[in-house]
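Novice: Take a look at the following structure, please.
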Amino acid sequence: MLCKEQGITVLGLNAVFDILVIGKFNVLEIVQKVLHKDKSLESLSMLRNGGLLFRMTLLTSGGAGMLYVRWRIMGTGPPAFTEVDNPASFADSMLVRAINYNYYYSLNAWLLLCPWWLCFDWSMGCIPLIKSVSDWRVIALAALWFCLIGLICQALCSEDGHKRRILTLGLGFLVIPFLPASNLFFRVGFVVAERVLYLPSVGYCVLLTFGFGALSKHTKKKKLIAAVVLGILLINMLRCVVRSGQWRSEEQLFRSALSVCPLNAKVHYNIGKNLADKGNQTAAIRYYREAVRLNPKYVHAMNNLGNILKERNELQEAEELLSLAVRIQPDFAAAWMNLGIVQNSLKRFEAAEQSYRMAIKHRRKYPDCYYNLGRLYADLNRHVDALNAWRNATVLKPEHSLAWNNMIILLDNTGNLAQAEAVGREALELIPNDHSLMFSLANVLGKSQKYKESEALFLKAIKANPNAASYHGNLAVLYHRWGHLDLAKKHYEISLQLDPTASGTKENYGLLRRKLELMQKKDV
């Protein structure tokens, strides 16, 4: 129950089982007594004698206690859902809502009977609304209620007491766990969710087993019925194996949903995100565009698409998408920040600063936004503002390596070596294994002629990241200044092997070689 609200319904199942199986109550008899206003106390005495009333009280009080704890943890306010999560619940007409809710019930029933259409998400246009009784899907509602009413009549009116108990138990197990997902008591944040059928499947199995048992008693083709049952079991086992395989990876799971819900924007969004994470930006763009086409207000798809276009330097379209996203959802902090990055790249610095400020307004604790704001100020040579922004980023997120690094580099470049050293040491205390911070602090210490300590940090950084050409190049510069020319030559050569195009390293290596040649001539 602390994970999924359906868990609380297990207590209802316990109550149904206790009443029907342990207490062997005759539901039909009780209904008849109520209808005829029978004042007999027989039923009440059965409750008392069997201890059933005490057990029901325990179940009720226990359930109430758990609900209270859950509300204390999660808050008493209902969660906020949008129209794309559950469009039927936002329909103006009560008739439209009722028809669609019942259609959702029939879809759930069909998934129990034939679990072929399985999808990780059924929202965002996956199931179009029924807006008229002339829609052919209304047949599914009629079929569902025809079956349910038939089962209820048999459960209440059958002369066989055992049959009544089994059918009532099966219906109870089928219906009660589904009630929290039914939209009857409160709005839920989904159209269909396969997870809510896990507990109702108990009732479905009870009814199915009873049905096959009753059928086998009234026919001579028992082997045929046994073959059908075994066939159903085998098919469902194979379906379970196939579906489990699809759940093994995000890509398989998301792609399996395309055939079931091709109109679901979230399916296309998730495939796009998965492709983007794997570096396939071209394919990701195609899926993000389809997600936006299917749902023109899908701000998360716009944000991610805008980010990819930004990385591909298609800045104009990226700005248009991100601007549209923040117009649709003005409190979308991530989109405001990304819009600021794009505007910064377009040299529209005032607009970029305003976008960053809007992002921080809507998300107070946003270290990445403070970091990007600091970069903007650094580009504008507003060094004090840049340092303040980066300091805010590190206060909110002490392990923000990029913000620390930029502070050290800016202080180093502006000649504040003592302050740069202090910031570098503070950063390494918080993130002791960050090789980029070791490298930046080593540069500062080298300029301060603290060669031994600088050397130790360079070597530690190189050990953590041995293929960084700049690390070897700057260590070579340190040795060059320090007078350790053979070591300088060695690390210049390693640096040029890793990055032959580094012009600064080439120039310094050339100076060193000329110096070594002059020293050799003098020795001769």
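Backbone N, Cα and C define each Cβ position, glycine as well.
A quick note: this is a predicted structure, and the numbers were derived from the prediction, not measured.
Per TrEMBL, the feature domain 'DUF1736' maps to 77-149. The transmembrane segment annotation in TrEMBL covers 101-118, 138-157, 169-190, 196-215, 224-245. Annotated repeat 'TPR' per TrEMBL: 265-298, 299-332, 333-366, 367-400, 469-502, in sequence order.
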Novice: Count, for each of 101-118, 138-157, 196-215, the Cβ pairs lying under 8 Å from the transmembrane segment (169-190), and report the range with the highest count.
Specialist: 196-215
Novice: Six or more residues out from either end of the transmembrane segment (101-118), which same-chain residues have a Cβ under 8 Å from its Cβ atoms?
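Specialist: 88, 127, 130, 137-138, 140-141, 143-145, 147, 178, 182-184, 191-192, 194, 196-197, 200-201, 204, 236, 239, 243, 256, 260.
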Novice: How does the domain 'DUF1736' (77-149) divide up by DSSP, counting helix, then strand, then coil residues?
Specialist: 36 helix, 0 strand, 37 coil
Novice: The repeat 'TPR' (265-298): which same-chain residues, six or more beyond its ends, come within Cβ distance under 8 Å?
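Specialist: Answer is 84, 119, 121, 123-126, 250-251, 254-255, 257-258, 304-305, 308-309, 311-312, 328.
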Novice: Can you check how the pLDDT averages out over the repeat 'TPR' (299-332)?
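Specialist: Here the mean pLDDT over the repeat 'TPR' (299-332) amounts to 95.
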Novice: What is the three-state DSSP composition of the repeat 'TPR' (265-298), stated as helix, strand and coil residue counts?
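Specialist: Reading the DSSP string over the repeat 'TPR' (265-298) gives 27 helix, 0 strand, 7 coil.
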